Amino acid sequence: MIKKILSISILFSLFVPLSFVHSQTYNYDVGISSQDIFFSRPFGEIVELQPIRIYARIVNWGNEDVFASVAFYGGSELIGTTQEVSVRAAGLADEVFVDWRTPVDDFYITAKIQNVRPGDQNLINNEAQTVLIRPKGDLDRDGIADEYDDDDDNDGLTNEQENQMGTDPLNQDSDGDGVNDNQDFYPNDRTRSQEEVIEPEPEPVEPEPALVEEPKNDPQPKPELTEQPNTEVKNNNQVDKEKDVVKDSEEVAYPNLPLEQKLLTASNVTRVNIELEQIGWGEYRYAFTSDDSAADVDQMNFIWEFDDGFTMKRNGVHAFSRPGVHFVKLSVDGPYGNNITDTEVVSVPFWSFANIYVWALILVVTVLSAISIIFLRSKR
């Protein structure tokens, strides 16, 4: 009888914490982070108006297999169509992608997990966003960034050759005569483009003297002097040489470049990091830092979100009342209308004297033990 009671007590003490901890895990939970979004090119090699492929990696943190779809956004615009994923529990991540053409302006990419089937019990990790991406300029649209391109206008002449010739390295037709600089013999003179060939002056031709018939019976008259034709031939083929007129390089009209001055006064914050300080059981002090050392985080607009439904719009202290694995999300308003986010996982242990459930368990075991002792003594 004693063994039976002790066995029941031990099983009860084991069952309570295990069932409670199991209730804190999610059966259905797929997630994504900003590190799970990447491109077919490194960030530093992304060129404006060029095709690029965007990837997203989806992880199943739950205990059950799930289906879902992923939508990609460039700012607020949907890119392509949503992509379907199926992720096995405790298995490998599933990756999806869409094709896109990069814009001229700065941008960021957002990936959102949608239509999770059978469902998702943790929505806090269903959306992620990249840092702000600034595509490299490409004036001649040849897919090579201007800073690496030695022929910015793609006219067949290098920038160094154009500087030596005095032509515009950013314009294929510097003088605007419709002929490419590389084919133009006078690339700085819009009045001519073909090579001029000066023909040699022809030698003057002397005509043969005219023959005069003399009569047979008449005395020979004095020979008539015939007027000699003017042997001087005017040269109609002489061409006056024109002096090449070279435009001042400051007068050459450069095309408009991207207005990068608009970024000088904008914030440089592109990434935030959550910092936790444990104060007590389930109680933490929450703060964050950014990658811009000059930024004042207290002046930013941000919000803390906790999976127990609590939110706060300032740095401070929050305590989870129940043990288990909890998710914390920080969202900060970015300088371009975007949200800069970071997430953190907080684990609150069950076995702690600060946990009221542990004291409740000790009390139950004590009461059962006392009942067992009283029962055994009454049988004697």
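Numbering starts at 1 and runs along the chain as it is shown here.
Any Cβ shown, glycine's included, is placed from N, Cα and C.
Feature annotation from TrEMBL assigns compositional bias 'Basic and acidic residues' to 135-144 (among others). Across the compositional bias 'Basic and acidic residues' (135-144), the DSSP tally of helix, strand and coil residues reads 0 helix, 1 strand, 9 coil.
Taking DSSP states H, G and I as helix and E and B as strand, the compositional bias 'Acidic residues' (145-155) has 0 helix, 0 strand, 11 coil. As annotated by TrEMBL, compositional bias 'Acidic residues' applies to 145-155 (among others).
Residues annotated as compositional bias 'Acidic residues' in TrEMBL: 196-206 (among others).
Look at TrEMBL and you will find 213-225 (among others) tagged as compositional bias 'Basic and acidic residues'.
Taken from TrEMBL, the feature domain 'PKD' covers 288-348.
The region 'Disordered' annotation in TrEMBL covers 134-243.
Here TrEMBL flags 1-23 as signal peptide.
According to TrEMBL, the transmembrane segment annotation covers 356-376.
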